[in-house]
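These features come from Swiss-Prot:
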ACT_SITE  75  active site
ACT_SITE  119  active site
BINDING   55, 57, 76  Ca(2+) binding site
DISULFID  38-98  disulfide bond
DISULFID  54-144  disulfide bond
DISULFID  56-72  disulfide bond
DISULFID  71-125  disulfide bond
DISULFID  78-118  disulfide bond
DISULFID  87-111  disulfide bond
DISULFID  105-116  disulfide bond
SIGNAL    1-21  signal peptide
């Protein structure tokens, strides 16, 4: 084999190894967003729930500040339980429908159903809970210890 071919082969292998270490984007984020908007009939965009209280958003800690924040904590806990069962909630695509009573999971089994149930329950909980503007984008360092 020619040295140039070896260099090309080495470059391909190195680039594949590098690509393998890049984490994939969450697949079900769009599904969960759509479920939230289905449950609340489009009255509040899903991004409003991203920086709410101590648990709605990236990571949660402390005591939930209200009912809506408790919904987010329950969703986090549901994902934690799914992970214990070797499911990957943020990367599990599932099937569901939006009906007059909100989101409903299709009859799937295993991880897809588990994650779908977590998201549907949370979306319905969000729709029922009041949104307190004072708890949006709070200082989590102060309020969530």
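Positions of Cβ are set from backbone N, Cα and C atoms, glycine also.
Remark: residue 56 (disulfide bond) has 49, 50, 68, 69, 71, 72 as non-local neighbours, by Cβ distance under 8 Å and separation of at least 6 in sequence. Around the Cβ of residue 75 (active site), 23 further Cβ atoms fall within 10 Å across all displayed protein chains.
Nearest neighbour of residue 118 (disulfide bond) by Cα distance, taken over the recorded positions 75, 87, 98: 75. Geometry remark: residue 98 (disulfide bond) versus residue 119 (active site), CA distance 13 Å. Listed in sequence order, the residues 53, 54, 56, 58, 59, 60, 69, 72, 73, 75 complete the 8 Å Cβ shell around the Ca(2+) site centroid, once 55, 57, 76 themselves are left out. Comparing the Cα of residue 38 (disulfide bond) with the Cα of every entry in 55, 75, 76, 119, these being the recorded positions, the smallest distance points to 119. In this structure, the C-alpha atom of residue 105 (disulfide bond) lies 9 angstrom from that of residue 119 (active site).
Put simply, residue 75 (active site) is 9 Å from residue 55 (Ca(2+) binding site) when counted between their Cα atoms. Considering only the recorded positions 75, 78, 87, 111, 144, the residues lying within 10 A of residue 119 (active site) on a C-alpha to C-alpha basis are 75, 78. Cβ neighbours of residue 54 (disulfide bond) (same chain, under 8 Å, six or more residues apart in sequence): 60, 61, 62, 63, 64, 65, 69, 73, 138, 140, 143, 144.
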